[in-house]
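Contents: one structure, followed by commentary.
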Amino acid sequence: MTVKKVEIKVDINCGKCNSAIMEAVTEIEGVNHISLDEGNSILTVVGTMDPVCVATRLKKIKQKPVIISVGPPPKPPEPPKPPEPEKPKPPPAPEPPKHVCKPPYCNSCDVVSVTTYESGSGCTIL
């Protein structure tokens, strides 16, 4: 059998009626979930039970059930999808080196510096 949602209009006059309805319906085989809207006097039963069986059980406790609707149960809300992890960013381009490489050149073109020390005389005594 398939799971179905049954809505039944019942007479709720007091708290005793409320508990009698809940007890009668919970004894039915195949009932998964029961909710009772006291303001609108609507009993909602979800499960694989027969809706006529639910109405018959309510008649046995002196209720006048009216089946409002029979249909599939509401779909449970989908859990929110976890955020996708961000893709790793590609590494940044390497920075150019701080020193500048000179182009290669021939050894005959090397710059040579010559330093000379000239002092007035070769020997000094003080």
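Even glycines carry a Cβ here, placed using N, Cα and C.
Quick caveat, the model's predicted, so the values are computed rather than measured.
Now, the feature entries from Swiss-Prot:
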{"type": "BINDING", "residues": "Cys14, Cys17", "note": "metal cation binding site"}
{"type": "COMPBIAS", "residues": "71-80", "note": "compositional bias 'Pro residues'"}
{"type": "DOMAIN", "residues": "3-69", "note": "domain 'HMA'"}
{"type": "LIPID", "residues": "Cys123", "note": "S-farnesyl cysteine"}
{"type": "MOD_RES", "residues": "Cys123", "note": "cysteine methyl ester"}
{"type": "REGION", "residues": "65-97", "note": "region 'Disordered'"}
Around Cys17 (metal cation binding site), how many other CB atoms lie within 10 A of its CB?
-> 18
Take every residue in the domain 'HMA' (3-69), average their pLDDT values, and give the whole-number result.
-> 90
So, by DSSP, how many helix, strand and coil residues make up the region 'Disordered' (65-97)?
-> 0 helix, 6 strand, 27 coil
Just jot down the residues in the same chain as Cys14 (metal cation binding site), at least 6 apart in sequence, with C-beta under 8 A of its C-beta; none if empty.
-> none
Going by DSSP, give the three-state secondary structure for Cys17 (metal cation binding site).
-> helix
